[in-house]
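Feature annotations, reproduced from Swiss-Prot:
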type	residues	note
ACT_SITE	His124	active site, proton donor
BINDING	Asp63, His65, Asp91	Mn(2+) 1 binding site
BINDING	Asp91, Asn123, His172, His247	Mn(2+) 2 binding site
MOD_RES	Ala2	N-acetylalanine
REGION	305-327	region 'Disordered'
Amino acid sequence: MADGELNVDSLITRLLEVRGCRPGKIVQMTEAEVRGLCIKSREIFLSQPILLELEAPLKICGDIHGQYTDLLRLFEYGGFPPEANYLFLGDYVDRGKQSLETICLLLAYKIKYPENFFLLRGNHECASINRIYGFYDECKRRFNIKLWKTFTDCFNCLPIAAIVDEKIFCCHGGLSPDLQSMEQIRRIMRPTDVPDTGLLCDLLWSDPDKDVQGWGENDRGVSFTFGADVVSKFLNRHDLDLICRAHQVVEDGYEFFAKRQLVTLFSAPNYCGEFDNAGGMMSVDETLMCSFQILKPSEKKAKYQYGGLNSGRPVTPPRTANPPKKR
């Protein structure tokens, strides 16, 4: 689609019009518009580094997972672009009801504000994963499989990590035993699928674990877990202050690890309607002071759940290789 044919402003207006409407209200978009978003944003991703070097102030958000109403709440809280600069840590699609609206608004903002709005790749921005967990079905139901493949081409070009003011390392999952130098990330060629093992896989899939020293097996059946010692060594070696990552549900929307050397952000409150978690967003000011803005879980959703708030649901989901698909 030629640049002139994609009216990003019109699309953003439509996507924001559902604010205040009943949650889940579908936004009408044409296939040509959505395809245009994928093609144009892909060009921008490829024109920018795979390892982004960003400057504060900015706001950092974790997983969204198709919870479009909550994404709009985040922007209401943090300021709609370009009022604030944003970095999202991946996992835009799957599981929630409105992956299409979610990813389309994010891509539209990327096109409109390419130097102020940044998106990293999560493990769900990968065909083999979002084929299973909802995005493929949503694309097929509302458009067609060809459009899902166009999204795959776009996702294969997303940046993988970011460093804020040379001090805060950001990625979706975590560290890798293969990561010795930042140059290794810069050398990853795009477009690329996410391999089953190795550096790119680990950056999108690994998890911190307080019970591990060094590297451990990951219950997900993919990548590794890493201990506080690994975090400290990594920060020292690269003269960094903090690792900021997403990838796991945390009760308060953010959770520290390794004496505040790592923080997990998760920005989808009431995740999947199954958890009573809050959603968190981290604001980094010009002095690199970090503060947290929290979207509380809504009581309303919780009361419809079997057993109510005291049913003893775990804070984080069991991390199996193939979690059951909720239907």
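Cβ from N, Cα, C; glycine included.
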Can you tell me the CA-to-CA distance separating the residue listed as 'active site, proton donor' and His65 (Mn(2+) 1 binding site), as a whole number of Å?
9
Using the recorded Mn(2+) 1 site (Asp63, His65, Asp91) as reference, state which further residues of the same chain have their Cβ within 8 Å of the centre of those residues' Cβ atoms, listed in sequence order.
Gly62, Ile64, Gly66, Gly90, Tyr92, Val93, Asp94, Arg95, Gly96, Gly122, His124, Ala246, Phe266, Ser267, Ala268
What residues, ordered by sequence, lie under 8 A Cβ-to-Cβ from His65 (Mn(2+) 1 binding site) and sit at least six positions away in the same chain?
Asp91, Tyr92, Val93, Asp94, Arg95, Gly96, Ser99, His124, Ala268, Tyr271, Cys272
Chain-internal residues near His172 (Mn(2+) 2 binding site), provided their CB is under 8 angstroms and they sit 6+ positions away:
Leu89, Gly90, Asp91, Leu120, Arg121, Gly122, Asn123, Leu203, Leu204, Arg245, Ala246, His247
Given the recorded Mn(2+) 2 site (Asp91, Asn123, His172, His247), which additional residues of the same chain have their Cβ within 8 Å of the Cβ centre, ordered by sequence?
Asp63, Leu89, Gly90, Gly122, His124, Gly173, Leu204, Trp205, Ala246
Around the Cβ of His247 (Mn(2+) 2 binding site), how many other Cβ atoms lie within 10 Å? Please give the count over every shown protein chain.
26
Which of Asp63, Asn123 (the binding-site residues) has the most other Cβ atoms within 10 Å?
Asp63
Cβ atoms near His124 (active site, proton donor) (within 10 Å, other residues, all chains):
27
